[in-house]
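Annotated transmembrane segment per TrEMBL: 12-35, 47-74, 95-113, 119-137, 176-198, 204-223, in sequence order.
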Amino acid sequence: MARRPLLPVDHHFIAGLLLLTASTGCVDAVSYLALDKVFTGNMTGNVLFIGFGLVGAGTTPLLNNVVALLGFVVGSILGGRIVGRNAKKGLPWSSRALLIGGAVVMVGLAIFWTIVHTLAFPALLTVTALLAVVMGAQVSAVKPVGNTDVTTIVVTNTLANLARDSRLAGGAGKNWFPRLAAVLAMGVGAAIGAALVAHVSGPMGLVGAAIIFCGGVVTLVTAHRKLHAPSPSSDTP
């Protein structure tokens, strides 16, 4: 008789999404602390920073945040075009290609930044834009998974749903674990990125984010293969 998997396939997908969420937190920590106060994944923060910059308030740079916002939009558009609207449930080839491409870009940027160590302003904007493109494409790539509790980019709605559906609010407390895990993953990823930037360097922070991202991609690809693997017959020895 065939052995049962240790975890259901859905749990493998959730694990992969949580790793991507942690990677986003790590990337945003690196981009904010080492790329001059900009978020490449959390666009809510960038919209606020752009608003501050337009009226000359605060110390956040306007151009950097505009570049990140545009990069994220471009990545989401490209991802939407590549993945399409009727993708197969799970992680179709188009999603896998996007995520693997994103991993290659992140690793390449980490290597480049490690080599040059200090980014000149044009290079800083380029790294910012490319990271934002990867983050935007990531959102489109994981859409076919169909998990609305772990979006991998933001946790505002996740936190609101966690509180609204909790027993304290009169709800049934459904899906509390992946929602809480998503919030924690984002925070843990941010802490890892901040620690690497503060105690090692910005490039090493991006290396850490790339490693977590690659782990998420591998986990999601494995989950997709398990989902679409042929079921062994019950009489298989």
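Positions of Cβ are set from backbone N, Cα and C atoms, glycine also.
Source: prediction; values computed, not measured.
Sequence-distant neighbours of the transmembrane segment (204-223) (same chain, 6+ residues past either end, Cβ-Cβ under 8 Å): 9, 12-13, 15-20, 22-23, 26-27, 29-30, 33-34, 90-91, 96, 99-100, 102-103, 106-107, 109-110, 113-114, 142, 145, 189, 192-194, 196-197. When Cβ-Cβ distances under 8 Å to the transmembrane segment (47-74) are tallied for each of 95-113, 119-137, 176-198, the top count falls to 119-137. Residues 41-42, 45, 64, 68, 90, 106, 119, 124, 127-128, 131, 135, 138, 142, 145, 147, 150-153, 155, 178, 181-182, 185-194, 196-198, 201-202, 205-206, 208-210, 212-213, 215-220, 222-223, 226-227 of the same chain lie 6+ residues outside the transmembrane segment (12-35) yet bring a C-beta within less than 8 angstroms of a C-beta in it.
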